[in-house]
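Student: Just passing along the structure, written as structure tokens.
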Amino acid sequence: MDMLIYLTPICALIGLIFAGISYKNVRNEGEGNELIKKITAAIHGGAMVYLNRQYRAIAVFVVFIAIVLALVLPNGVLTAACFVFGAVLSATAGYAGMLTATIANGRTTNAATRGIGPAFKVSFASGTVMGMSVVGLGLFGLSLSFIILGNIYTDMDLFTLLNIIAGFSFGASSIALFARVGGGIFTKAADVGADLVGKVEAGIPEDDPRNPAVIADNVGDNVGDIAGMGADLYESYVGSIIATMLLAASTAAATFPGIPVMNVVMVPLVIAAVGILASVIGTFFVRTNKTESSAIHMAFNMGLIAAIVLTVIASYVVTGHLLGGYGLNVFFSTVAGLVAGFLIGQITEHYTSYDKKPTLTVAHSCQTGSATNVITGFAKGMESTLWPAVIISIAIYIAFQLAGLYGIAIAAVGMLATLGISLSVDAYGPVADNAGGIAEMSHQKKEVRQITDTLDAVGNTTAAMGKGFAIGSAALTALSLFASYAIAVGLTSIDVMNPNVFIGLIIGAMLPFLFSSMTILAVGNAAGEVVVEVRRQFKEIKGLMEGKADPDYSKCITISTHSALKEMIPPGILAVIAPILVGLVLGAGALGGLLAGSVVSGFMLAITMSNAGGSWDNAKKFIELGNFGGKGSDAHKAGVTGDTVGDPFKDTAGPAINILIKLMSIVALVFAPLFI
């Protein structure tokens, strides 16, 4: 085994050390006054209670699947061990990110009393813990599994060895599914419940401490957008690397004649390793003391561009060193993925930002009522699929022409190589959002709230861009895993003239819609319970509306937690059982059709829902700035309705589809021996 392979866990450890330093920096910040401490403790306590209960529930699933893997697969015990290892590290990353975010929010509010610079520093440092934990633990676990098993089982076929290690990605996918679905149900149940009764019925502002669901809403921001987003991208990161390694083992001899197969296998690991170093360096470019949101955007872009440029340079050196004359083709495939990821983020921003035409059109439609708002927003969401589809298609075409199926997979690795910093930027948003809520609830000065509002506005944009990036990376990762599955079962093409294959295609195209239905209905049911509870408290607690009595915040947290844990099980079972049943009943070709159908329909549906939801959200915010009558106007009420409809679209169903298409692909790959 080439000594260069040992670089990967070392770079991963550097990322983890940097995450530890960032955590220490957050802890060293002042906690604020007693009221800030009290609110922070309530949010932190609610988030950690939910996360602990969720992980206990997932542990049962993980143990059950591990036993099944050990019993039914060749090399099942090794696959089960990798599965558990991947699940544990994914859960650890989520725990680290959640722990940090829920102690950073109050500290960000307190830092905002000293100016935007200190507040920005604290919130971004918190995001950095999540970003670096995900890439550090993901690459460390994957490379360690490869090194240990490779050194022990020296006589094992390389493709077989890597198929065992694919269990690591399956473990990551399992955690991701429940974290995304459960977290999405929790956050939107609380959010919708708080908005419907608080804003629409009671007429009180957002983050008002009189609202019984306000703490649950803030807890949900962390549960969904920190732990959920982190697990989603951890899964894509790990899945893209293992898919590329599998394709290298199976196609290297034909695609790169004369190059040692191990060199081709190592390329994704080494690119991921240098991507971590580039991300760490990129964080030092994220600095600003200016109060304009454009300056904060510029600071983030400087960091992202620095990381991308460094990764491009390093990838050129790595591919040239490992692949010789073929290095340039693989290098340009990597760059195609990097550029595609960046462009999809920009397209998402265009469709969801309130200073761009699509969202302004949605905001304008609010003047004629809720119905026209919903119609226009949904239409714009569907329209927004055009350019991401074109961009992904061009990236796939370029990568395939340059390096075959391996090129497509390495494009996914390229897209995710700078995940360390891009996820840090995404994870900053919920902290800034919480800080604004805490500022409101702790009655801070207007200047402090303006600072947190500025940080939050930037966070909304970065979150929308992050969702677009997550969808694009999920599509490429799922396609790479699908290609690995096809090789594992000996499929050379998907013959749609074969009835079984066409049946699989139809079932696959249907599954994202059924899955979305289940998650959206779950949000509706859970939100209904929260609404009933909030109404009860406003009615029964005397003096609550006047601010003379405190609401029972814990009740709404308990309802949201119970609903999320109960409702996340059926979608999770569907995602695992569907590909296994189709493979066993209709055969490997039909399962190939299912995977192809789910990737195509899932990609389009996820973009539609995420961008429609983001557009409705920011159309409402545009009206709240004083446009079309401002807060309390009929246009604002229509905007709130659109935002409420969009909440489960953009924060529950849309993001969860990413995991569905990846999880079904990895399930098919891991269980491939059963379908041959």
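Every residue gets a Cβ built from N, Cα and C, even glycine.
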Student: Name the one residue among ASP617, ASP634 that Swiss-Prot lists for the same Ca(2+) site as ASP643, ASP647.
Tutor: ASP617
Student: ASP426, ASP433, ASP453: which one does Swiss-Prot list with ASN218, ASP221 for the Mg(2+) 2 site?
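Tutor: The candidate from ASP426, ASP433, ASP453 that Swiss-Prot ties to Mg(2+) 2 along with ASN218, ASP221 is ASP433.
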Student: Restricting to CB pairs under 8 Å, which listed stretch, 129-149, 324-344, 469-489, 656-676, is in contact most with the transmembrane segment (501-521)?
Tutor: 656-676
Student: Considering only Cβ pairs under 8 Å, which range in 58-78, 83-103, 158-178, 411-431, 469-489 makes the most contacts with the transmembrane segment (3-23)?
Tutor: 83-103
Student: If you draw a 10 Å sphere around the Cβ of ASP651 (site 'Important for ion transport'), how many other Cβ atoms fall inside it, taking every protein chain shown into account?
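Tutor: Cβ-Cβ neighbours of ASP651 (site 'Important for ion transport') within 10 Å number 31.
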Student: List the Cα distance (Å, whole number) between ALA463 (site 'Important for potassium dependence') and LYS188 (substrate binding site).
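Tutor: So the alpha carbons of ALA463 (site 'Important for potassium dependence') and LYS188 (substrate binding site) sit roughly 15 Å from each other.
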Student: With a radius of 8 angstroms around the mean position of the C-beta atoms of ASP617, ASP643, ASP647, what other residues of the same chain does the Ca(2+) site pick up?
Tutor: ASP191, GLY613, TRP616, LYS620, GLY642, THR644, VAL645, GLY646, LYS650
Student: Out of ASP195, ASP433, ASP643, ASP647, LYS650, point to the one nearest ARG180 (site 'Important for ion transport') in space (Cα versus Cα); all of them are binding-site residues in the record.
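Tutor: Checked the binding-site residues ASP195, ASP433, ASP643, ASP647, LYS650; minimum Cα distance to ARG180 (site 'Important for ion transport') goes to LYS650.
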Student: What is the number of other Cβ atoms found within 10 Å of the Cβ of ASP225 (site 'Important for ion transport')?
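Tutor: Within a 10 Å radius of the Cβ of ASP225 (site 'Important for ion transport') lie 28 other Cβ atoms.
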Student: So, do the transmembrane segment (469-489) and the transmembrane segment (129-149) meet, by the test of 3 or more Cβ pairs under 8 Å (sequence gap 6 or more)?
Tutor: no
